[in-house]
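Asker: Okay, handing you the structure first.
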Amino acid sequence: MSIFQKIRCAITLGQGVLLELPEPTGQEDPFELFDTWLEAAKDSGIILPESMNISSVSSQGRPSSRMVLLKDFDTHGFVFFTNYQSRKAQDLEQNGFASLNFHWNILQRQVRIEGRVERVSVEESKAYFDSRAKGSRIGAWASHQSKVLANREELEAQFKYYQDKFAQVGNEIPYPEFWGGYRIVPDSIEFWQGKASRLHDRFRYHREQPQTAWQVERLSP
Ligand SMILES: Cc1cc2nc3c(=O)[nH]c(=O)nc-3n(C[C@H](O)[C@H](O)[C@H](O)COP(=O)(O)O)c2cc1C
(Lines of atoms letter the chains of each structure in order from A and count residues from 1; the text may use other names and numbers.)
(Lines give C-alpha, C1' and ligand atoms only; values in the text may rest on other atoms or scores of the structure.)
Protein backbone atom coordinates (compact mmCIF):
# COMPACT_ATOMS: atom_id res chain seq x y z
CA MET A 1 0.00 0.00 0.00
CA SER A 2 1.36 3.47 -0.86
CA ILE A 3 1.72 6.16 1.79
CA PHE A 4 -1.18 8.03 0.15
CA GLN A 5 -3.40 4.98 0.43
CA LYS A 6 -2.39 4.48 4.09
CA ILE A 7 -3.25 8.10 4.88
CA ARG A 8 -6.56 7.80 3.02
CA CYS A 9 -7.38 4.66 4.96
CA ALA A 10 -6.51 6.33 8.29
CA ILE A 11 -8.47 9.52 7.55
CA THR A 12 -11.67 7.74 6.49
CA LEU A 13 -11.83 5.66 9.69
CA GLY A 14 -14.08 3.12 8.05
CA GLN A 15 -16.62 5.75 7.01
CA GLY A 16 -15.96 5.37 3.30
CA VAL A 17 -13.36 6.46 0.78
CA LEU A 18 -12.43 10.01 -0.09
CA LEU A 19 -12.27 9.40 -3.82
CA GLU A 20 -15.17 8.70 -6.09
CA LEU A 21 -15.61 4.98 -6.80
CA PRO A 22 -16.28 3.78 -10.33
CA GLU A 23 -19.84 2.53 -10.60
CA PRO A 24 -20.70 -0.81 -12.15
CA THR A 25 -22.60 -0.29 -15.41
CA GLY A 26 -23.97 -3.82 -15.55
CA GLN A 27 -22.10 -4.45 -18.81
CA GLU A 28 -18.78 -5.64 -17.38
CA ASP A 29 -17.47 -9.16 -17.41
CA PRO A 30 -18.14 -10.25 -13.80
CA PHE A 31 -14.65 -11.77 -13.36
CA GLU A 32 -13.04 -8.51 -14.53
CA LEU A 33 -15.33 -6.52 -12.27
CA PHE A 34 -14.47 -8.80 -9.34
CA ASP A 35 -10.78 -8.28 -10.08
CA THR A 36 -11.27 -4.49 -10.08
CA TRP A 37 -13.13 -4.60 -6.79
CA LEU A 38 -10.60 -6.94 -5.12
CA GLU A 39 -7.75 -4.65 -6.18
CA ALA A 40 -9.66 -1.64 -4.77
CA ALA A 41 -10.14 -3.58 -1.52
CA LYS A 42 -6.39 -4.30 -1.37
CA ASP A 43 -5.63 -0.60 -1.98
CA SER A 44 -8.11 0.50 0.69
CA GLY A 45 -6.01 -0.91 3.53
CA ILE A 46 -8.57 -3.49 4.66
CA ILE A 47 -6.84 -6.30 6.56
CA LEU A 48 -7.08 -9.60 4.63
CA PRO A 49 -9.24 -8.32 1.74
CA GLU A 50 -9.07 -11.84 0.27
CA SER A 51 -10.88 -13.34 3.26
CA MET A 52 -14.34 -14.63 2.40
CA ASN A 53 -17.15 -16.44 4.06
CA ILE A 54 -18.04 -19.81 2.58
CA SER A 55 -21.34 -21.45 3.38
CA SER A 56 -21.93 -25.12 2.80
CA VAL A 57 -24.94 -27.34 3.36
CA SER A 58 -24.82 -30.84 4.84
CA SER A 59 -26.56 -33.85 3.37
CA GLN A 60 -29.26 -33.24 6.00
CA GLY A 61 -29.83 -29.73 4.64
CA ARG A 62 -28.10 -27.98 7.55
CA PRO A 63 -26.12 -24.86 6.50
CA SER A 64 -22.84 -23.76 8.14
CA SER A 65 -20.43 -20.87 7.47
CA ARG A 66 -16.81 -20.07 8.10
CA MET A 67 -14.09 -17.76 6.79
CA VAL A 68 -11.41 -18.95 4.37
CA LEU A 69 -8.84 -17.19 2.18
CA LEU A 70 -9.27 -16.77 -1.56
CA LYS A 71 -5.97 -18.00 -3.00
CA ASP A 72 -6.66 -17.84 -6.70
CA PHE A 73 -9.38 -16.91 -9.15
CA ASP A 74 -9.83 -16.76 -12.89
CA THR A 75 -12.64 -17.39 -15.35
CA HIS A 76 -12.81 -21.02 -14.11
CA GLY A 77 -13.74 -20.02 -10.58
CA PHE A 78 -12.65 -19.09 -7.05
CA VAL A 79 -10.10 -21.28 -5.22
CA PHE A 80 -9.37 -21.87 -1.54
CA PHE A 81 -7.45 -24.60 0.30
CA THR A 82 -8.46 -26.74 3.24
CA ASN A 83 -8.45 -30.17 4.84
CA TYR A 84 -10.43 -32.66 2.72
CA GLN A 85 -11.68 -34.38 5.91
CA SER A 86 -13.02 -31.21 7.54
CA ARG A 87 -16.69 -30.51 8.15
CA LYS A 88 -16.88 -28.10 5.21
CA ALA A 89 -15.20 -30.65 2.93
CA GLN A 90 -17.71 -33.34 3.88
CA ASP A 91 -20.53 -30.93 3.04
CA LEU A 92 -18.95 -29.90 -0.26
CA GLU A 93 -18.31 -33.52 -1.29
CA GLN A 94 -21.87 -34.59 -0.46
CA ASN A 95 -23.86 -31.54 -1.53
CA GLY A 96 -21.67 -30.11 -4.30
CA PHE A 97 -22.76 -26.46 -4.01
CA ALA A 98 -21.47 -23.52 -1.98
CA SER A 99 -21.86 -19.78 -1.62
CA LEU A 100 -19.14 -17.21 -0.97
CA ASN A 101 -19.45 -13.76 0.52
CA PHE A 102 -16.96 -10.90 0.52
CA HIS A 103 -17.62 -7.76 2.55
CA TRP A 104 -15.27 -4.80 2.08
CA ASN A 105 -16.75 -2.46 4.65
CA ILE A 106 -14.65 0.66 4.02
CA LEU A 107 -15.75 0.55 0.38
CA GLN A 108 -19.34 -0.30 1.26
CA ARG A 109 -19.19 -3.27 -1.06
CA GLN A 110 -20.35 -6.85 -0.94
CA VAL A 111 -19.93 -9.65 -3.47
CA ARG A 112 -22.04 -12.81 -3.31
CA ILE A 113 -20.99 -15.83 -5.34
CA GLU A 114 -22.87 -19.12 -5.79
CA GLY A 115 -22.06 -22.24 -7.72
CA ARG A 116 -21.00 -25.84 -7.80
CA VAL A 117 -17.76 -27.01 -6.25
CA GLU A 118 -14.93 -29.13 -7.62
CA ARG A 119 -11.54 -30.17 -6.29
CA VAL A 120 -8.58 -28.48 -7.94
CA SER A 121 -5.95 -30.80 -9.44
CA VAL A 122 -3.45 -32.50 -7.14
CA GLU A 123 -0.68 -30.66 -9.02
CA GLU A 124 -2.30 -27.31 -8.22
CA SER A 125 -2.82 -28.23 -4.56
CA LYS A 126 0.72 -29.52 -4.24
CA ALA A 127 2.17 -26.40 -5.87
CA TYR A 128 0.33 -24.19 -3.39
CA PHE A 129 1.21 -26.46 -0.45
CA ASP A 130 4.91 -26.28 -1.36
CA SER A 131 4.73 -22.46 -1.43
CA ARG A 132 3.55 -22.24 2.19
CA ALA A 133 5.75 -21.55 5.21
CA LYS A 134 7.27 -24.70 6.72
CA GLY A 135 5.31 -24.31 9.95
CA SER A 136 2.03 -24.13 8.02
CA ARG A 137 2.93 -27.25 6.06
CA ILE A 138 3.70 -29.18 9.25
CA GLY A 139 0.54 -27.70 10.77
CA ALA A 140 -1.53 -29.16 7.93
CA TRP A 141 -0.23 -32.62 8.87
CA ALA A 142 -0.80 -32.00 12.58
CA SER A 143 -4.41 -30.77 12.38
CA HIS A 144 -7.27 -33.23 11.97
CA GLN A 145 -9.43 -30.27 11.09
CA SER A 146 -12.91 -30.15 12.69
CA LYS A 147 -12.19 -33.16 14.99
CA VAL A 148 -12.56 -32.78 18.76
CA LEU A 149 -9.33 -32.35 20.77
CA ALA A 150 -8.98 -33.25 24.45
CA ASN A 151 -6.86 -30.12 25.06
CA ARG A 152 -4.31 -27.75 23.48
CA GLU A 153 -1.46 -30.07 24.48
CA GLU A 154 -2.81 -32.79 22.21
CA LEU A 155 -2.57 -30.44 19.20
CA GLU A 156 0.93 -29.31 20.15
CA ALA A 157 2.01 -32.94 20.64
CA GLN A 158 0.74 -33.75 17.14
CA PHE A 159 2.70 -30.80 15.74
CA LYS A 160 5.84 -31.94 17.58
CA TYR A 161 5.33 -35.49 16.30
CA TYR A 162 5.38 -34.32 12.66
CA GLN A 163 8.18 -31.85 13.31
CA ASP A 164 10.32 -34.76 14.54
CA LYS A 165 9.09 -37.10 11.84
CA PHE A 166 10.11 -34.64 9.09
CA ALA A 167 13.28 -33.46 10.82
CA GLN A 168 15.46 -35.31 8.31
CA VAL A 169 13.83 -33.90 5.16
CA GLY A 170 14.77 -30.25 5.74
CA ASN A 171 12.36 -28.03 3.82
CA GLU A 172 10.92 -30.89 1.72
CA ILE A 173 7.76 -31.51 3.76
CA PRO A 174 5.71 -34.10 1.85
CA TYR A 175 2.32 -33.14 0.47
CA PRO A 176 -0.57 -34.59 2.55
CA GLU A 177 -3.18 -36.11 0.25
CA PHE A 178 -5.96 -35.23 2.69
CA TRP A 179 -5.34 -31.52 2.05
CA GLY A 180 -5.97 -29.41 -1.05
CA GLY A 181 -8.05 -26.92 -2.93
CA TYR A 182 -11.64 -26.47 -3.94
CA ARG A 183 -12.86 -24.31 -6.80
CA ILE A 184 -16.30 -22.70 -6.70
CA VAL A 185 -17.47 -22.51 -10.32
CA PRO A 186 -19.95 -19.64 -10.23
CA ASP A 187 -23.34 -19.53 -11.86
CA SER A 188 -24.26 -16.36 -9.96
CA ILE A 189 -22.16 -13.33 -8.92
CA GLU A 190 -23.84 -10.35 -7.30
CA PHE A 191 -22.13 -6.99 -6.78
CA TRP A 192 -23.56 -4.74 -4.08
CA GLN A 193 -22.51 -1.10 -3.80
CA GLY A 194 -23.75 0.84 -0.77
CA LYS A 195 -25.46 4.19 -1.55
CA ALA A 196 -27.19 6.96 0.39
CA SER A 197 -30.72 6.49 1.72
CA ARG A 198 -30.42 2.71 1.35
CA LEU A 199 -30.80 3.06 -2.41
CA HIS A 200 -27.97 0.63 -2.94
CA ASP A 201 -26.90 -0.71 -6.33
CA ARG A 202 -27.18 -4.45 -6.89
CA PHE A 203 -26.14 -6.16 -10.11
CA ARG A 204 -26.54 -9.91 -10.40
CA TYR A 205 -24.76 -11.81 -13.16
CA HIS A 206 -25.99 -15.32 -13.72
CA ARG A 207 -25.58 -18.09 -16.28
CA GLU A 208 -27.06 -21.55 -16.77
CA GLN A 209 -23.80 -23.40 -17.48
CA PRO A 210 -20.10 -22.50 -17.12
CA GLN A 211 -19.65 -22.01 -20.88
CA THR A 212 -22.83 -20.00 -21.51
CA ALA A 213 -23.08 -16.19 -21.63
CA TRP A 214 -23.70 -14.16 -18.49
CA GLN A 215 -27.06 -12.44 -18.10
CA VAL A 216 -27.17 -9.38 -15.88
CA GLU A 217 -30.03 -7.81 -13.99
CA ARG A 218 -30.38 -4.98 -11.49
CA LEU A 219 -31.99 -6.00 -8.20
CA SER A 220 -33.91 -3.87 -5.79
CA PRO A 221 -31.86 -3.12 -2.66
C1 LIG B 1 -9.67 -14.88 8.25
C2 LIG B 1 -9.72 -16.39 8.30
C3 LIG B 1 -9.19 -17.12 7.24
C4 LIG B 1 -9.25 -18.51 7.26
N5 LIG B 1 -8.76 -19.19 6.18
C6 LIG B 1 -8.91 -20.55 6.12
C7 LIG B 1 -8.56 -21.26 4.93
O8 LIG B 1 -8.13 -20.69 3.92
N9 LIG B 1 -8.73 -22.61 4.93
C10 LIG B 1 -9.24 -23.29 6.02
O11 LIG B 1 -9.36 -24.52 5.95
N12 LIG B 1 -9.59 -22.63 7.14
C13 LIG B 1 -9.45 -21.29 7.22
N14 LIG B 1 -9.85 -20.59 8.35
C15 LIG B 1 -10.44 -21.37 9.46
C16 LIG B 1 -11.91 -21.66 9.13
O17 LIG B 1 -12.70 -20.49 9.36
C18 LIG B 1 -12.49 -22.84 9.94
O19 LIG B 1 -12.30 -22.63 11.33
C20 LIG B 1 -11.84 -24.17 9.57
O21 LIG B 1 -11.60 -24.27 8.18
C22 LIG B 1 -12.72 -25.34 10.01
O23 LIG B 1 -14.00 -25.23 9.41
P24 LIG B 1 -15.00 -26.48 9.29
O25 LIG B 1 -14.89 -27.24 10.60
O26 LIG B 1 -16.34 -25.90 9.08
O27 LIG B 1 -14.54 -27.32 8.12
C28 LIG B 1 -9.80 -19.20 8.38
C29 LIG B 1 -10.32 -18.46 9.44
C30 LIG B 1 -10.28 -17.07 9.40
C31 LIG B 1 -10.86 -16.30 10.55
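Each Cβ is built from the backbone N, Cα and C atoms, and glycine gets one as well.
Please treat TrEMBL annotations as automatic predictions, because they have not gone through curation.
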Asker: Of Lys42, Lys71, which does TrEMBL put in the substrate site with Tyr128, Arg132, Ser136, Arg198, Leu199, His200?
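Answerer: So, going by the record in TrEMBL, that would be Lys71.
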Asker: Counting only residues 6+ away in sequence within the same chain, which have a CB under 8 Å from the CB of Leu199 (substrate binding site)?
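Answerer: Non-local contacts for Leu199 (substrate binding site): Pro221.
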Asker: By a 10 A CB contact count over all chains shown, which of the binding-site residues listed here is most packed: Val68, Leu70?
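Answerer: Output for this query is Leu70.
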Asker: Give me the CA-CA distance between His200 (substrate binding site) and Gln110 (FMN binding site), in Å, as a whole number.
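Answerer: Taking the Cα atoms only, His200 (substrate binding site) lies 11 Å from Gln110 (FMN binding site).
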Asker: Using a 10 Å cut-off on CB atoms, tell me which of the binding-site residues Arg66, Lys71, Arg87, Arg198 is the least crowded.
Answerer: Arg198
Asker: Based on a Cβ-to-ligand 1 distance below 6 Å, what subset of the binding-site residues Val68, Tyr128, Ser136, Leu199, His200 would you report?
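Answerer: Val68, by Cβ distance under 6 Å.
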